[in-house]
Structures are given as C-alpha cells and as structure tokens.
Amino acid sequence: MKEPGEIPTASDKGWAWVVLAAAFTNAMLLAGYMKGIGVFFVEWQENFGANAKDVGWVGVIIGFFTSVGALLAGALATRLACQKVIIIAGLLFAASVAAGSFTSDMWQLYITNCIAGISLGLCLQPGWTSIGYNFHRWLGLANGVSSAGVGMGIVALPPLIQFFCNKVGWRGALQVTGAFMVMTSVCGVLVRPTPKELFLIKQRENTKKVTTSERRQRCSVTLESGVVVYRETLFEKLISAPVHSVTDNLGLKLLVQHPSFANPFVSTYSMLIAIAVWFGLFSGLSYSMAVYCARLCVPADKVSSSIGVVLLSEGVGVLFGVFFMGLIRDLTSNYDMSFLMCGGSFVLASVVVFCDSFYLEITERRRSTHKEDIKDTDHVTKSSNAEERKKEENANVNQAYDAEEEDSGKCVISIVSATNAVLQSDKNCR
C-alpha cells in the first residue's frame with residue numbers, strides 16, 4: 001500500500017501502449033511537416049518572386065519557434081495536463097498550416113509559420129512527456145519508439161506533400177496538409193491523464209511545502225542534453241537531406257564525428273550518400289537519448305520543463321547554426337572548414353558528456369563509500385555504547401547486591417544485639 005504523498009508508479013500496460021501509439025503518430029505528423037516544408041520552397045520562389053535566402057528563412061523560423069513552443073509547453077503541461085495542451089495546440093497547428101495557403105507575400109508566410117512553429121512545439125513536447133507518465137520499466141523502449149516517429153515522418157510525409165503539390169498545387173497542398181494535421185488533436189484525445197500526472201499537477205499547486213534540495217541532485221548542464229542536441233542541429237541544418245534513424249547511443253558519439261571530418265575528402269556523390277547514411281545511423285538515437293536523459297536527471301515534476309529546454313537548445317542550433325556555417329562558407333569559399341568545425345563540435349560535445357558522466361559516477365561512488373563509512377562508524381559507536389551500558393548495568397547490579405548484603409549484615413547485628421540485651425535483662429532479674 002502506498003504511503004500518503006508517494007508518487008504513483010506508471011502502469012507499463014493497458015492504455016499505456018495506446019498512448020505510445022498516439023505519441024508515435026503525433027511525432028510522425030509534426031516532424032514530417034517540419035522537415036517536408038522544403039517541398040514548398042521552389043513553389044514559393046516562383047509564386048512570390050523571392051530568392052532562396054528569403055524562402056529559406058521559413059524553415060529557420062518554424063524550427064526556432066518550435067523550440068520556443070516546446071519550452072512554453074513545459075510550463076503549460078504541468079498545470080493543464082498533456083492531453084489538453086496537445087488538443088488545443090493541434091487545432092492551432094492545423095489552422096496555421098491551412099492559413100498559409102491564403103498568403104500573398106513572404107512576410108505573411110513568416111507569420112503563419114511562426115504560429116505553426118509555436119503550436120508544433122506545444123503539441124510535440126507533451127506527447128513525449130506523456131510517455132514518462134505511462135511507462136516505468138519499459139520507459140527506454142517506449143521513448144525510442146516515440147522518437148522513431150520523427151524518422152518515419154521525415155521519410156513518409158515529404159513525398160506525400162509533394163504528391164499533393166503535383167495534384168492540387170501548393171495552396172491546395174497546404175489546405176490538405178492542414179486538414180491532415182487535425183489528427184494531432186485526435187492523438188491528444190488518446191493521451192489520458194494518469195494518476196501519476198494528476199498527482200504531480202496537484203503537488204505542484206500545493207505551495208505549502210517548498211523544497212530546493214531536489215535541484216541539487218544530478219542537475220548537470222551537460223546531462224540536460226541540450227549541448228548534445230545543440231551541436232547536432234548545427235550539422236543537421238548544414239546538409240540538405242539529413243538521414244535520421246534510431247540506432248545510436250551517447251557512447252557512440254565518437255563515431256558520429258568521423259563522417260563530419262570525412263565530408264571534405266568526399267569526391268563522389270555515392271561517397272556522400274554513404275557518409276550521410278553513416279551519420280544518420282549513429283546520430284539518430286542521440287535525439288531520443290537526449291530526451292531520455294532529461295527524464296533521468298531531474299525530479300519527476302520537472303520532466304516536462306527539462307524536455308522543453310532540450311528542444312529549445314535545438315532551436316538555438318537551428319537559428320545560429322545556419323548563419324555561422326554560411327558565414328564560414330563565405331569566408332573560405334568552400335564547405336571544408338564548415339564540415340571540419342561541425343566534426344570538431346561533435347568531438348568536443350562527446351568529451352564533455354563523457355567527462356561529466358565519469359565525474360558523476362565517481363561522485364556517486366564516493367557518496368556510497370561515505371554512506372558505508374557512516375554506517376560502520378554508527379555500528380562501532382552503537383557497539384561501544386552497548387558495552388558501556390552493559391558495564392554500567394553490571395556495576396549497578398553489583399552495587400545493589402553489596403548494599404543488600406550490607407543491609408542484611410546490619411539486620412543480623414541488630415537481631416544479635418537485641419537478643420543479648422534480652423538475655424542480659426533476664427539475667428539481672430534473676
């Protein structure tokens with residue numbers, strides 16, 4: 001039986017798997033649109049007479065504001081529950097996508113995609129947060145499956161959007177895609193609040209007992225995983241068609257940087273494809289692992305906010321990565337230095353994460369050793385105190401025994417004295 005105030009445990013069964021399917025579908029639709037929006041770039045250039053730079057800012061805007069929306073979702077989900085946030089944000093996202101079909105200038109597209117980005121982040125982040133409320137034992141597997149929806153969306157949705165463009169034009173394609181994105185709200189309906197989520201929301205509303213001790217437990221900046229996502233997005237935005245997969249671990253990051261260094265030495269398109277596949281195979285899971293680590297490194301009531309911070313770091317990479325890599329290309333007249341700097345950032349991030357994990361492991365061992373020493377000291381102290389108490393009890397018993405013997409002796413002497421007195425009195429009478 002659970003004690004009052006104890007956080008309920010996730011079920012890992014039943015409706016939890018329905019929530020996982022909803023989170024997978026949600027991630028597939030949202031990430032698929034964010035990566036498939038490039039299909040419209042050529043159409044917008046021809047329709048609005050814009051250059052590639054102006055059109056490219058649409059992708060940057062939606063990527064950055066997705067991260068901003070994810071950060072806001074961290075605050076909203078802890079107060080309104082994930083289900084409500086996903087439903088409302090999903091409807092707003094679908095409406096903003098469809099509204100893009102009625103634009104007549106690039107600045108209008110910027111506004112609609114700004115709204116789409118914020119609502120996309122508001123919808124995506126609670127979907128991943130809900131996984132932690134429904135899974136405990138299989139949390140790692142569930143997190144990987146939900147993150148795999150990103151890769152599935154990148155593969156499946158861009159061709160579908162291109163098909164819509166060919167059939168009904170880019171305006172019709174945006175309207176159809178917007179209607180299709182209403183499915184995100186349907187997925188939100190399936191994300192039922194769990195006892196664990198409701199407990200944490202109620203606990204957050206209770207401000208009578210506020211403690212800051214939990215903030216000092218394993219709150220390393222690098223374990224927040226933002227540094228991992230940030231430098232990954234620098235490279236992701238540098239190449240035109242990133243390949244994503246779910247086959248990586250944080251320990252394999254040293255393998256990821258090799259393709260980044262190898263790109264300047266690639267001389268054929270087939271070699272570039274091989275390098276891209278290699279990069280995708282070893283970098284895909286870093287995204288899901290970043291979210292998973294964010295769950296492990298913060299208290300349960302801070303998970304939603306921590307995932308928002310991780311996604312915000314991606315937005316920083318999206319916003320500044322394109323600018324700096326383009327600037328380096330302009331200064332050097334080639335992409336060699338850009339690729340080398342990206343590879344170096346991978347190595348640096350790998351070293352930082354490794355050193356931080358190593359430091360935390362050593363610290364944890366020292367804490368365990370210190371606790372054992374304290375237990376041994378307490379045991380010795382208790383043993384010494386027990387011996388002293390035993391000696392004191394024995395001394396008290398001996399003292400009581402001596403006192404009893406002394407009293408007995410006095411009593412005997414008194415009796416003898418009284419007897420002698422009686423005998424003497426009797427003798428005098430005679």
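Heads up, the Cβ atoms here are built off N, Cα and C, so glycines get one too.
Per TrEMBL, the features are:
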- 371-394: compositional bias 'Basic and acidic residues' (COMPBIAS)
- 371-408: region 'Disordered' (REGION)
- 15-34: transmembrane segment (TRANSMEM)
- 55-77: transmembrane segment (TRANSMEM)
- 83-102: transmembrane segment (TRANSMEM)
- 109-128: transmembrane segment (TRANSMEM)
- 140-161: transmembrane segment (TRANSMEM)
- 173-191: transmembrane segment (TRANSMEM)
- 269-294: transmembrane segment (TRANSMEM)
- 306-325: transmembrane segment (TRANSMEM)
- 337-360: transmembrane segment (TRANSMEM)
- line: Between the transmembrane segment (140-161) and the stretches 15-34, 83-102, 173-191, the largest tally of CB pairs under 8 Å belongs to 15-34
- request: Determine which residues of the chain contact the transmembrane segment (83-102) at the Cβ level, with the cut-off under 8 Å and only residues 6 or more beyond its ends counted.
  value: 26, 30, 33, 69, 73, 76-77, 109, 112-113, 115-116, 119-120, 122-123, 126-127, 130, 170-172, 174-175, 177-179, 181-189, 191-193
- line: Lying 6 or more residues past either end of the transmembrane segment (109-128) yet within Cβ distance under 8 Å of it, the residues of that chain are 22-23, 26-27, 30-31, 33-34, 37, 44, 57-58, 61-74, 76-77, 82-83, 85-86, 88-90, 92-93, 96-97, 99-100, 103, 143, 146-147, 184, 187-188, 191, 291, 304, 307-308, 311
